[in-house]
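Noted in Swiss-Prot for the protein shown:
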TRANSMEM  41-61  transmembrane segment
TRANSMEM  64-84  transmembrane segment
MOTIF     86-90  motif 'Histidine box-1'
TRANSMEM  98-118  transmembrane segment
MOTIF     122-126  motif 'Histidine box-2'
TRANSMEM  196-216  transmembrane segment
TRANSMEM  219-239  transmembrane segment
MOTIF     287-291  motif 'Histidine box-3'
Amino acid sequence: MTTSIIKNQEIKNKLSNPELRLKDIIKTLPKECFQQNRRKAWTQALLSVVMVGLGYWSLAIAPWFLLPIAWIFTGTALTGFFVIGHDCGHRSFAKRRWVNDLVGHIFMMPLIYPFHSWRIKHNHHHKHTNKLDEDNAWHPIRPEVFASWGKTRQSAFKLFMRQRLWWVGSVGHWAVVHFDWRKFKVKDQADVKLSVAVVVLFAAVAFPTLIATTGIWGFVKFWFVPWLGYHFWMSTFTIVHHTYPDVPFEAENKWHEAMAQLFGTIHCDYPKWVEVLCHDINVHVPHHLSTAIPSYNLRLAYSSIQENWGDYLHDELRFSWSLMKLITDECQLYQTDVGYQPFKDYYAGR
């Protein structure tokens with residue numbers, strides 16, 4: 001860990017050079033990375049539809065003892081739905097905006113995720129990646145903020161981190177952030193209202209129909225548990241993308257765009273079947289250099305980044321329980337200009 005910290009401090013010093021601009025890094029990427037391919041885009045969409053269909057078929061025929069496997073598969077396949085919507089939100093799925101909006105709404109509808117709400121908030125994350133008090137994805141809690149909370153809220157947050165409940169984090173983010181159009185700029189509120197109406201209408205039709213035909217257990221079996229499976233991956237991808245003991249979050253006056261997007265974004269390998277079903281969302285460094293890169297070109301772009309900027313990249317990670325244990329045990333609070341602080345160090349200093 002010490003060697004890694006020293007290396008990463010050297011990288012930070014290099015990237016803090018104000019002459020290094022994000023657009024200079026983007027210029028080194030092959031033009032092919034930005035080319036949209038209609039066949040590849042729709043093949044990915046079809047793959048997700050087939051895999052989700054396969055998942056629901058397995059849920060329908062599986063004996064009770066095989067349901068956990070079917071739930072895991074279906075939840076992961078549904079994450080592919082989100083990734084298709086993700087490309088649509090960045091306008092990298094199709095050249096026509098109306099196609100992106102239509103496909104985005106269709107694929108995020110079963111997840112009850114308002115498309116425009118997510119798109120707008122997610123774009124803010126890209127503009128302010130790893131910037132303290134601005135990034136709205138997985139943002140660390142500063143000690144002074146934690147100290148200002150009441151005992152109940154502090155206890156809830158400590159329980160969340162210590163019991164490693166990161167996997168439900170995106171459920172709270174989904175519920176709190178995406179349905180209240182008053183939290184958006186006036187110019188965006190009409191789009192947000194439309195997306196909220198779409199998912200509310202879908203739920204109003206699909207949920208009663210599902211319950212009427214399969215009962216409450218059918219609702220839990222066919223929608224709720226797979227939906228939680230999707231949120232497991234949503235939460236996991238989101239936290240791992242930008243969180244590690246040596247990855248900095250900077251105050252606005254010290255924030256450096258190239259530093260945040262190139263070094264502050266982490267490549268993590270997952271089981272191959274997860275990467276296929278989720279359309280390489282784990283190959284995340286290129287996506288933070290340019291959101292115009294379609295998901296099917298991420299690996300091509302990452303190979304170029306490794307070749308030209310490999311010395312500036314964070315060490316690659318591999319998804320495992322030990323990785324998630326490290327993140328949730330060490331990345332609990334964040335001291336400005338210092339780094340992450342576990343609760344035990346916070347309380348030891350008081």
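A Cβ is built for glycine as well, from the same backbone N, Cα and C atoms used for every other residue.
For the motif 'Histidine box-2' (122-126), DSSP puts the residue distribution at 5 helix, 0 strand, 0 coil. Counting Cβ pairs under 8 Å that are 6 or more residues apart, the transmembrane segment (41-61) and the transmembrane segment (196-216) reach fewer than 3 and are not in contact. Under DSSP, residues within the motif 'Histidine box-3' (287-291) fall into helix, strand and coil as 3 helix, 0 strand, 2 coil. Taking H, G and I as helix, E and B as strand and the rest as coil, DSSP gives the motif 'Histidine box-1' (86-90) the counts 4 helix, 0 strand, 1 coil. The list of residues near the transmembrane segment (196-216) in space but at least 6 beyond its ends in sequence, with Cβ under 8 angstroms from a Cβ of it, reads 105, 108-110, 112-115, 117, 178-179, 181, 222-223. Residues 22, 25-26, 29, 33-34, 90, 92, 123, 126, 129, 261-262, 264-265, 298, 301, 305 of the same chain lie 6+ residues outside the motif 'Histidine box-3' (287-291) yet bring a C-beta within less than 8 angstroms of a C-beta in it. Long-range neighbours of the transmembrane segment (98-118) within the same chain, counting only residues 6 or more positions beyond its ends whose Cβ lies under 8 Å from a Cβ of the stretch, are 45, 48, 78, 81-82, 84-85, 88-89, 91, 174, 177-179, 181, 184, 188, 191-192, 194-196, 198-199, 202-203, 206, 227, 230.
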